[in-house]
Amino acid sequence: MQAARGATLSESLEPSTDAAHAPATTAGNRTHVGLLLGVAVTLYVVDQVTKHLANEHLGPTPTHLVGSLLKLDLVHNPGAAFGIAGGATVLFSVIAVVVVVVIARTARTLRSTPWAVALGLLVGGAIGNLTDRVFREPGIFRGRVVDFLELPHWPVFNVADMGITCAAVLMALLAFRGVHPDGAPRE
């Protein structure tokens, strides 16, 4: 029957090189999605564990960890990364949900290892801070994000913020170099 439609059985079993006709999920794609999820889950767990430890062990006065280079200073932040836009918690919650949904859709065609890492960092960071906004005081989608790391001349931040920042830098570098999330060659 394949011959009647213009393709032999062996030709119909060969992988398509046309990206438009490629299946949404392949073994290579599953590897990249697995990497994205692994990075996201790892960042999320480290973020939540460190926030829990900060809440349990840090007091009202900052603790100097590495001289004047790094302080631990517990802050409950109602804004975005690095204390930006306090009071816009609902907006940042909605943005985080949209980011995760867009990345989930993008993951179907993901075939780039660096993009998998970048998107994993972004998802892990977004969900880490979203968890705080949903489940911490003063209430759902108004919760304050736990920040506790402080560098000189820099706002207090957390592990999720580091993931989001690293993702943004990596994504900018990948875009500058012409690396596409779907693994397509440079144009």
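Cβ coordinates come from backbone N, Cα and C, glycine included.
Lifted from TrEMBL, the feature list:
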ACT_SITE  Asp147  active site
ACT_SITE  Asp161  active site
REGION    1-25  region 'Disordered'
Candidate with the highest Cβ count within 10 Å, taken from the active-site residues Asp147, Asp161: Asp147
Distance from Asp147 (active site) back to Asp161 (active site), taken between C-alpha atoms, in Å: 9
Reduced DSSP assignment, Asp161 (active site): helix
